[in-house]
Amino acid sequence: MRGLPMAVEAAAAASSASALGGAVDWWRDVNESTLWQDRIFHALAVLYGFVSAVALVQLVRIECRVPEYGWTTQKVFHFLNFLVNGVRSVVFVLRPDVQLLQPEIIQHVLLDMPGLAFFTTYALLVLFWAEIYYQARAMSTDGLRPTFYWINGVVYAIQIILWLVLWWKPVRIMVIISKMFFAGVSLFAALGFLLYGGRLFLMLQRFPVESKGRRKKLQEVGYVTTICFSCFLIRCVMMCLNAFDKALDLDVLNHPILNFFYFLLVEIVPSALVLFILRKLPPKRGITQYHPIH
(Lines of atoms letter the chains of each structure in order from A; the text may use other names.)
(Lines give C-alpha, C1' and ligand atoms only; values in the text may rest on other atoms or scores of the structure.)
Protein backbone atom coordinates (compact mmCIF):
# COMPACT_ATOMS: atom_id res chain seq x y z
CA MET A 1 0.00 0.00 0.00
CA ARG A 2 2.92 2.33 0.68
CA GLY A 3 4.01 1.99 -2.91
CA LEU A 4 0.77 3.53 -4.23
CA PRO A 5 1.28 7.10 -2.88
CA MET A 6 4.90 6.99 -4.05
CA ALA A 7 3.81 5.90 -7.51
CA VAL A 8 1.23 8.73 -7.62
CA GLU A 9 3.89 11.26 -6.55
CA ALA A 10 6.31 9.94 -9.16
CA ALA A 11 3.64 10.18 -11.86
CA ALA A 12 2.79 13.76 -10.78
CA ALA A 13 6.46 14.73 -10.84
CA ALA A 14 6.90 13.18 -14.28
CA SER A 15 3.82 15.05 -15.52
CA SER A 16 5.11 18.36 -14.15
CA ALA A 17 8.53 17.79 -15.70
CA SER A 18 6.89 16.97 -19.02
CA ALA A 19 4.75 20.13 -18.89
CA LEU A 20 7.81 22.23 -18.01
CA GLY A 21 9.78 20.67 -20.82
CA GLY A 22 6.91 21.36 -23.22
CA ALA A 23 6.82 25.03 -22.14
CA VAL A 24 10.58 25.34 -22.64
CA ASP A 25 10.32 23.75 -26.09
CA TRP A 26 7.46 26.11 -27.02
CA TRP A 27 9.45 29.15 -25.85
CA ARG A 28 12.47 28.01 -27.89
CA ASP A 29 10.36 27.23 -30.97
CA VAL A 30 8.70 30.66 -30.88
CA ASN A 31 12.02 32.44 -30.40
CA GLU A 32 13.61 30.63 -33.33
CA SER A 33 10.62 30.99 -35.67
CA THR A 34 10.98 33.91 -38.10
CA LEU A 35 7.20 33.88 -38.53
CA TRP A 36 6.61 34.38 -34.80
CA GLN A 37 9.38 36.98 -34.64
CA ASP A 38 7.64 38.99 -37.36
CA ARG A 39 4.24 38.59 -35.69
CA ILE A 40 5.47 39.73 -32.28
CA PHE A 41 7.48 42.68 -33.62
CA HIS A 42 4.53 43.75 -35.79
CA ALA A 43 2.24 43.47 -32.75
CA LEU A 44 4.60 45.79 -30.86
CA ALA A 45 4.61 48.17 -33.84
CA VAL A 46 0.79 48.27 -33.82
CA LEU A 47 0.65 48.92 -30.06
CA TYR A 48 3.26 51.68 -30.29
CA GLY A 49 1.42 53.17 -33.27
CA PHE A 50 -1.83 53.21 -31.30
CA VAL A 51 -0.23 55.00 -28.32
CA SER A 52 1.43 57.47 -30.72
CA ALA A 53 -1.92 58.20 -32.39
CA VAL A 54 -3.61 58.74 -29.01
CA ALA A 55 -0.88 61.21 -28.00
CA LEU A 56 -1.25 63.07 -31.31
CA VAL A 57 -5.05 63.31 -30.97
CA GLN A 58 -4.69 64.62 -27.43
CA LEU A 59 -2.07 67.15 -28.59
CA VAL A 60 -4.43 68.42 -31.30
CA ARG A 61 -7.31 68.65 -28.78
CA ILE A 62 -5.15 70.69 -26.37
CA GLU A 63 -3.95 72.98 -29.17
CA CYS A 64 -7.55 73.62 -30.27
CA ARG A 65 -8.51 74.32 -26.65
CA VAL A 66 -5.71 76.74 -25.73
CA PRO A 67 -3.90 77.87 -28.91
CA GLU A 68 -3.01 81.21 -27.33
CA TYR A 69 -0.56 79.65 -24.83
CA GLY A 70 1.92 78.37 -27.44
CA TRP A 71 4.09 75.36 -26.60
CA THR A 72 3.19 74.56 -23.00
CA THR A 73 4.72 71.79 -20.92
CA GLN A 74 1.59 69.71 -21.46
CA LYS A 75 1.77 70.11 -25.25
CA VAL A 76 5.47 69.25 -25.37
CA PHE A 77 4.83 66.17 -23.21
CA HIS A 78 2.18 64.87 -25.63
CA PHE A 79 4.30 65.75 -28.67
CA LEU A 80 7.26 63.80 -27.28
CA ASN A 81 4.97 60.85 -26.52
CA PHE A 82 3.76 60.96 -30.13
CA LEU A 83 7.35 61.12 -31.40
CA VAL A 84 8.85 58.41 -29.17
CA ASN A 85 6.06 55.90 -29.76
CA GLY A 86 5.94 56.69 -33.48
CA VAL A 87 9.67 56.06 -33.90
CA ARG A 88 9.43 52.83 -31.89
CA SER A 89 6.56 51.70 -34.14
CA VAL A 90 8.61 52.29 -37.31
CA VAL A 91 11.67 50.55 -35.82
CA PHE A 92 9.63 47.44 -34.96
CA VAL A 93 8.01 47.34 -38.40
CA LEU A 94 11.53 47.29 -39.88
CA ARG A 95 13.10 45.26 -37.03
CA PRO A 96 14.70 42.50 -39.20
CA ASP A 97 16.18 45.13 -41.53
CA VAL A 98 17.48 47.15 -38.56
CA GLN A 99 19.39 44.07 -37.39
CA LEU A 100 21.26 43.95 -40.73
CA LEU A 101 22.40 47.59 -40.72
CA GLN A 102 26.13 48.21 -40.80
CA PRO A 103 28.14 49.53 -39.07
CA GLU A 104 26.59 47.94 -35.97
CA ILE A 105 26.57 51.25 -34.11
CA ILE A 106 23.57 52.32 -36.25
CA GLN A 107 21.60 49.46 -34.72
CA HIS A 108 22.47 50.64 -31.20
CA VAL A 109 21.44 54.22 -32.01
CA LEU A 110 18.08 53.21 -33.52
CA LEU A 111 17.27 50.84 -30.65
CA ASP A 112 18.53 53.05 -27.78
CA MET A 113 17.68 56.61 -28.85
CA PRO A 114 13.88 56.20 -28.35
CA GLY A 115 14.64 55.02 -24.81
CA LEU A 116 16.57 58.22 -24.11
CA ALA A 117 13.73 60.27 -25.61
CA PHE A 118 11.32 58.36 -23.36
CA PHE A 119 13.44 59.45 -20.38
CA THR A 120 13.27 63.10 -21.53
CA THR A 121 9.50 62.86 -22.03
CA TYR A 122 8.80 61.71 -18.49
CA ALA A 123 11.53 63.86 -16.94
CA LEU A 124 9.46 66.74 -18.34
CA LEU A 125 6.54 65.51 -16.25
CA VAL A 126 8.78 65.50 -13.16
CA LEU A 127 9.79 69.08 -14.01
CA PHE A 128 6.13 70.10 -14.29
CA TRP A 129 5.35 68.63 -10.88
CA ALA A 130 8.45 70.21 -9.34
CA GLU A 131 7.34 73.63 -10.62
CA ILE A 132 3.85 73.17 -9.13
CA TYR A 133 5.35 72.06 -5.82
CA TYR A 134 7.80 74.97 -5.61
CA GLN A 135 5.18 77.53 -6.65
CA ALA A 136 2.73 76.21 -4.04
CA ARG A 137 5.38 76.65 -1.37
CA ALA A 138 6.28 80.16 -2.61
CA MET A 139 9.77 79.01 -3.60
CA SER A 140 11.73 80.16 -6.64
CA THR A 141 11.45 77.98 -9.74
CA ASP A 142 14.15 79.83 -11.69
CA GLY A 143 16.67 77.02 -11.45
CA LEU A 144 14.38 74.12 -12.35
CA ARG A 145 14.29 74.45 -16.15
CA PRO A 146 18.05 75.10 -16.51
CA THR A 147 18.66 72.03 -14.34
CA PHE A 148 16.30 69.99 -16.54
CA TYR A 149 18.13 71.07 -19.70
CA TRP A 150 21.53 70.52 -18.06
CA ILE A 151 20.67 66.98 -16.90
CA ASN A 152 19.33 66.01 -20.32
CA GLY A 153 22.35 67.56 -22.05
CA VAL A 154 24.76 65.58 -19.85
CA VAL A 155 22.83 62.32 -20.39
CA TYR A 156 22.78 62.70 -24.17
CA ALA A 157 26.42 63.83 -24.30
CA ILE A 158 27.60 60.79 -22.30
CA GLN A 159 25.50 58.44 -24.42
CA ILE A 160 26.84 59.93 -27.66
CA ILE A 161 30.41 59.54 -26.36
CA LEU A 162 29.69 55.89 -25.50
CA TRP A 163 28.30 55.32 -29.00
CA LEU A 164 31.37 56.91 -30.61
CA VAL A 165 33.74 54.78 -28.51
CA LEU A 166 31.65 51.69 -29.34
CA TRP A 167 31.88 52.58 -33.03
CA TRP A 168 35.63 53.06 -32.77
CA LYS A 169 36.16 49.90 -30.71
CA PRO A 170 33.14 47.55 -30.79
CA VAL A 171 34.00 45.34 -27.81
CA ARG A 172 31.68 43.66 -25.33
CA ILE A 173 32.81 45.79 -22.38
CA MET A 174 31.63 48.98 -24.12
CA VAL A 175 28.17 47.44 -24.69
CA ILE A 176 28.02 46.56 -20.99
CA ILE A 177 29.05 50.11 -19.95
CA SER A 178 26.41 51.61 -22.28
CA LYS A 179 23.66 49.40 -20.86
CA MET A 180 24.71 50.09 -17.27
CA PHE A 181 24.70 53.81 -17.97
CA PHE A 182 21.13 53.48 -19.28
CA ALA A 183 20.22 51.51 -16.15
CA GLY A 184 21.59 54.38 -14.06
CA VAL A 185 19.57 56.94 -16.04
CA SER A 186 16.42 54.85 -15.49
CA LEU A 187 17.09 54.63 -11.75
CA PHE A 188 17.61 58.39 -11.64
CA ALA A 189 14.22 58.91 -13.36
CA ALA A 190 12.52 56.50 -10.94
CA LEU A 191 13.93 58.40 -7.96
CA GLY A 192 12.84 61.71 -9.53
CA PHE A 193 9.25 60.50 -9.68
CA LEU A 194 9.46 59.18 -6.15
CA LEU A 195 10.85 62.49 -4.86
CA TYR A 196 8.66 65.06 -6.59
CA GLY A 197 5.60 62.87 -7.11
CA GLY A 198 5.75 61.91 -3.45
CA ARG A 199 6.23 65.52 -2.33
CA LEU A 200 3.31 66.75 -4.44
CA PHE A 201 1.11 63.89 -3.22
CA LEU A 202 1.84 64.63 0.45
CA MET A 203 1.28 68.35 -0.11
CA LEU A 204 -2.11 67.70 -1.68
CA GLN A 205 -3.01 65.38 1.18
CA ARG A 206 -2.37 68.18 3.67
CA PHE A 207 -4.36 70.70 1.64
CA PRO A 208 -7.17 71.89 3.97
CA VAL A 209 -10.00 72.27 1.44
CA GLU A 210 -11.85 69.04 0.66
CA SER A 211 -13.16 69.06 -2.89
CA LYS A 212 -13.75 66.77 -5.86
CA GLY A 213 -10.95 68.50 -7.77
CA ARG A 214 -8.46 67.96 -4.94
CA ARG A 215 -9.34 64.26 -4.65
CA LYS A 216 -9.03 63.81 -8.40
CA LYS A 217 -5.63 65.53 -8.52
CA LEU A 218 -4.47 63.45 -5.54
CA GLN A 219 -5.43 60.24 -7.35
CA GLU A 220 -3.84 61.48 -10.57
CA VAL A 221 -0.49 62.23 -8.93
CA GLY A 222 -0.55 58.99 -6.93
CA TYR A 223 -1.33 56.78 -9.94
CA VAL A 224 1.16 58.44 -12.29
CA THR A 225 3.94 58.39 -9.66
CA THR A 226 3.39 54.68 -9.01
CA ILE A 227 3.23 53.80 -12.72
CA CYS A 228 6.30 55.79 -13.73
CA PHE A 229 8.40 54.80 -10.72
CA SER A 230 7.60 51.13 -11.39
CA CYS A 231 8.32 51.24 -15.13
CA PHE A 232 11.69 53.00 -14.73
CA LEU A 233 12.68 50.68 -11.87
CA ILE A 234 11.80 47.61 -13.98
CA ARG A 235 13.81 49.11 -16.83
CA CYS A 236 16.79 49.63 -14.53
CA VAL A 237 16.72 46.01 -13.32
CA MET A 238 16.26 44.63 -16.85
CA MET A 239 19.12 46.73 -18.23
CA CYS A 240 21.43 45.38 -15.51
CA LEU A 241 20.43 41.79 -16.30
CA ASN A 242 20.57 42.47 -20.04
CA ALA A 243 24.12 43.78 -19.75
CA PHE A 244 25.56 40.60 -18.24
CA ASP A 245 23.26 37.75 -19.32
CA LYS A 246 23.09 37.00 -23.06
CA ALA A 247 19.94 34.93 -22.48
CA LEU A 248 18.21 38.23 -21.61
CA ASP A 249 19.64 40.23 -24.53
CA LEU A 250 17.00 42.56 -25.95
CA ASP A 251 18.97 43.67 -29.01
CA VAL A 252 18.62 40.42 -30.97
CA LEU A 253 15.86 39.00 -33.16
CA ASN A 254 15.63 35.58 -31.48
CA HIS A 255 14.22 36.92 -28.18
CA PRO A 256 10.84 38.22 -29.42
CA ILE A 257 8.82 37.08 -26.38
CA LEU A 258 11.24 38.81 -24.00
CA ASN A 259 11.10 41.94 -26.17
CA PHE A 260 7.30 41.88 -26.17
CA PHE A 261 6.88 41.73 -22.40
CA TYR A 262 9.77 44.11 -21.72
CA PHE A 263 8.52 46.91 -23.96
CA LEU A 264 4.93 46.25 -22.92
CA LEU A 265 5.82 46.74 -19.25
CA VAL A 266 8.32 49.61 -19.46
CA GLU A 267 6.90 51.78 -22.27
CA ILE A 268 3.60 50.81 -23.89
CA VAL A 269 1.38 50.16 -20.86
CA PRO A 270 2.85 53.03 -18.76
CA SER A 271 2.48 55.49 -21.66
CA ALA A 272 -1.10 54.39 -22.37
CA LEU A 273 -2.08 54.61 -18.69
CA VAL A 274 -0.45 58.02 -18.16
CA LEU A 275 -2.08 59.44 -21.31
CA PHE A 276 -5.44 58.13 -20.08
CA ILE A 277 -4.99 59.56 -16.58
CA LEU A 278 -3.83 62.95 -17.93
CA ARG A 279 -6.53 63.12 -20.61
CA LYS A 280 -8.30 66.12 -19.06
CA LEU A 281 -8.07 69.25 -21.20
CA PRO A 282 -6.80 72.50 -19.64
CA PRO A 283 -9.24 75.36 -18.97
CA LYS A 284 -9.52 77.88 -21.79
CA ARG A 285 -7.95 80.75 -19.89
CA GLY A 286 -6.80 81.94 -16.48
CA ILE A 287 -4.49 79.06 -15.47
CA THR A 288 -0.95 80.33 -15.08
CA GLN A 289 0.70 76.91 -15.01
CA TYR A 290 0.16 76.54 -18.77
CA HIS A 291 2.86 79.01 -19.67
CA PRO A 292 4.95 78.77 -22.83
CA ILE A 293 8.36 77.13 -22.76
CA HIS A 294 11.10 79.65 -23.44
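Glycine residues also receive a Cβ, built from the backbone N, Cα and C atoms like all the rest.
According to TrEMBL:
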| type | residues | note |
| --- | --- | --- |
| DOMAIN | 24-294 | domain 'THH1/TOM1/TOM3' |
| TRANSMEM | 43-64 | transmembrane segment |
| TRANSMEM | 115-136 | transmembrane segment |
| TRANSMEM | 148-168 | transmembrane segment |
| TRANSMEM | 180-202 | transmembrane segment |
| TRANSMEM | 223-244 | transmembrane segment |
| TRANSMEM | 256-278 | transmembrane segment |
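Summarising model confidence by region, the domain 'THH1/TOM1/TOM3' (24-294) averages a pLDDT of 88. Residues of the same chain lying 6 or more positions beyond the ends of the transmembrane segment (223-244) and with a Cβ under 8 Å from any Cβ of it are 115, 122, 125, 175-176, 179-180, 182-184, 186-187, 189-190, 193-194, 197-198, 201, 250, 262, 265-267, 269-270, 273-274, 277-278. Long-range neighbours of the transmembrane segment (115-136) within the same chain, counting only residues 6 or more positions beyond its ends whose Cβ lies under 8 Å from a Cβ of the stretch, are 73-74, 76-77, 80-81, 83-84, 87, 144-145, 148, 151-152, 155-156, 159, 182, 185-186, 189, 192-193, 196-197, 199-200, 203, 221, 224, 228, 232, 235, 267, 274, 289.
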